[in-house]
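Asks: Structure provided below as C-alpha cells; questions to follow.
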C-alpha cells in the first residue's frame, strides 16, 4: 500500500468533511429550522414518536395535545424567529413539555425527578427511564374495527400506529417508523375495500409486524453499541456493512458515509429525532447525488419519494465485487511496512483492513468480519513489539481462519438439528440448552429469547450457503442484544453480564461457549405450574406453545440435570393432559381432577 498517498487522501477527506454532507449553519431558531426542513406532517409524526418513546404509559389523546402545542409553537417561530423561547434548544423545548405533564410523578415515579435537572443532564435522565419491556396490552388486530377507525379518520389512524409502536419500542428508528406508518395506511387503503377484510389484512399485517420487529431490534443494537461500547463500535460495524454493500466505493467515500450515518443513529438513539430525520434525508440526497461512485444498485431507490428512498437505500442489495482486486495478504501480511503504517494511524489502518476484507467477502456476517479485524489488531499489537515483526505477522491470515470455520460449523450443526426437529422442536432444544447455561434468568425472558433463537432456523437454514452466515450471525446478534438489554434491567447472572459487557463482537461465541451452571441451586417444585383452567383450550396455537415452553423452563429450573427421556415423558404427559381436558364436556372439572394427578406423575418421572 502506498501509505503516504493513503494518509494524504485521509487528510484531504478530513478537510472536506469539515464542510460536511450535513448543513452546519447555525440557526437563530432550531425548531423553526427543523419545521421548515421536514414539513408539518413529518414534524408532527416525529414529535409524536418522541413523546411516545419517553412517556410510554400516557394515553394517545394526551400526546396529541403535546404535539399540537409544540407544532403551534414551531409555526410561531417560523413566522418570527426572534419570538420569545424560539432560541431554545430542542432538548429544552421537549423537556419543558414533558415536565408540564400533570401525572408525571403519579405515573412514572422517579422520572419526575429529571425535571429538577438542567440540560443536558435532564435529557440524559429521561433517556435512562425508557423501558424496553413496558407493561402494555398486546395489540390484537380486529379487521372490522380497524377498518372503521381507518375510514373515520386516516390521519388519526396513522398517528395511533406511530404512538402504539413507539411506546412499545422506545428506541425505534424514528424516520423508519414514519415509513412503516405510511405502508400500514396503504395496507388499509387496499384491504378495507375488500370483500373479506380479514383475509386481505391479517397476512399483510403479520408480514409487516415481522419487518417492524426486526427493524426495532436492529436499531436497539445500534443504540446499545453506542451506549455500551462507544461510537467506535458502531463505526466499525458500519464500515463492514457498507463495504459489503458498496464494494466499488473508495475507502474515503465509505468512511465519509460511515461518519454521517453514525451521526444520524447517534441523534436518534439520543432522542434527537428531528435532527436525525433531517440529517438522514440529507444523507440519502448525498448518496443519490453521488451514486455513480457508490453503487450501481441505487438508481431505483433514488427515483422514489423521500421515506421510501431512505428505506430502499438501507435495504439495497450488495453491488458486485470489483474485478482484479489484489490479494489481501499483499498489503496486510506481506508488506514489511505493516507495523509502521499501523502505528502511524491505527484506526485508519484497521479501518482500511476491515474495508478491504469486507468488500471481498459479502458472504461473511458483519460480526465475523469484526472478529477478524479484532484478531488482526491483537496480532499487530503483539508482533509489532517483537524484534522481527514481519516474521510474526506474515502468517496472520492462517491464524484468522478459525474465526470463519467456527460459525460455519456451528451453523451446520444447528441447521441439521432444525431440519430434524422443526421450528417448535428446535425452540425446545434451545430452551433446554439455555436454561441449563443460565438458569437464573427469568422464565419469560428465557422463553422469549429461545423462541426467537429458534426462528433462526426458519429464517436462515433454507437460504443458499452464501447467505447462511450473514443471516444467522447477524440475526443472533439482535436476539442476544435483547437478552442483554433485559438482563441489564434486572441482572441475575454473572455469566450473562460477562458475555454482554466484555466484547460486543464476541457476544455470540461467548454465549455459545457457556456450559451448564453447576453452581445453580434448583428451585423447589411448584404445583401451581400445573394449575390450568379451561381458558387454555381457546388460546391461539402460539400462546399454547408458550404455556408449554414456560412449563419446560420451570421443570428445568427444578431439575436441571433431568435427562432428555425424563423431560420427554413429562412433556408428553402434559400435552395429553391438556388435550384430554380440552376435549371433555366439562373442561373446568377435568382440569381440577386431572391437574393433581399430573403433578404426581411429573414428580415421579423426575424422581
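Using the three backbone atoms N, Cα and C, a Cβ is placed for every residue, glycine included.
According to Swiss-Prot, the signal peptide annotation covers 1-18. Marked as Cu cation binding site by Swiss-Prot: 27. As annotated by Swiss-Prot, disulfide bond applies to 77-86, 99-115, 147-192, 191-200, 223-269, 268-276, 288-302, 339-384, 484-500, 499-510, 537-582, 581-590 (among others), with the evidence given as experimental evidence. Annotated N6-succinyllysine per Swiss-Prot: 228, 587, in sequence order.
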Asks: Give me the non-local Cβ neighbours of the residue listed as 'Cu cation binding site': same chain, 6+ apart in sequence, Cβ-Cβ under 8 Å, ordered along the sequence.
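Replies: Within the chain, the residue listed as 'Cu cation binding site' has Cβ neighbours under 8 Å at 33, 81.
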Asks: For residue 500 (disulfide bond), which residues of its chain lie six or more apart in sequence with Cβ-Cβ distance below 8 Å?
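Replies: Residue 500 (disulfide bond) has long-range Cβ partners 480, 483, 484, 487, 488, 507.
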Asks: What is the nearest of the recorded positions 191, 228, 288, 582 to residue 99 (disulfide bond), using the Cα of each?
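Replies: When the Cα distances are compared, 228 comes out closest.
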Asks: Under 8 Å between C-beta atoms and at least six apart in sequence, can you list the same-chain neighbours of residue 499 (disulfide bond), or say none if there are none?
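Replies: Non-local contacts for residue 499 (disulfide bond): 480, 484, 507, 510, 511, 514.
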Asks: Report the member of 228, 587 (the modified residues) whose C-beta atom has the most other C-beta atoms within 10 angstroms.
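Replies: By the 10 Å Cβ neighbour count, 587 comes out on top.
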Asks: Any idea which of the disulfide-bonded residues 200, 484 has the thinnest Cβ neighbourhood at 10 Å?
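Replies: With the disulfide-bonded residues 200, 484, fewest surrounding Cβ atoms within 10 Å: 200.
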Asks: Just to verify a number: CA distance, residue 223 (disulfide bond) to residue 268 (disulfide bond), in angstrom, no decimals.
Replies: 8
Asks: If we count other C-beta atoms within 10 Å, could you say which of the disulfide-bonded residues 192, 223 has the fewest?
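Replies: If we count Cβ atoms within 10 Å for the disulfide-bonded residues 192, 223, the smallest count is at 192.
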Asks: If you measure residue 86 (disulfide bond) to residue 276 (disulfide bond) at Cα, how many Å is it?
Replies: 20
Asks: How many other Cβ atoms are found within 10 Å of the Cβ atom of residue 269 (disulfide bond), counting all protein chains shown?
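Replies: I get 21 for this one.
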Asks: Using C-alpha atoms only, work out the spacing between residue 77 (disulfide bond) and residue 115 (disulfide bond) and round it to an integer in Å.
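Replies: Computed Cα spacing between residue 77 (disulfide bond) and residue 115 (disulfide bond) is 24 Å.
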Asks: I'd like to know which of these disulfide-bonded residues, 77, 86, 276, 302, is least surrounded, judged by other CB atoms within 10 A.
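Replies: Per-residue Cβ counts within 10 Å for the disulfide-bonded residues 77, 86, 276, 302 bottom out at 302.
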Asks: Let me know the most crowded of the disulfide-bonded residues, choosing from 147, 268 and counting other Cβ atoms within 10 Å.
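Replies: Its Cβ has the most other Cβ atoms within 10 Å: 268.
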Asks: Of all the disulfide-bonded residues given, 191, 288, 537, 590, which residue's CB has the most CB neighbours within 10 A?
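Replies: Per the Cβ count within 10 Å, the most buried is 191.
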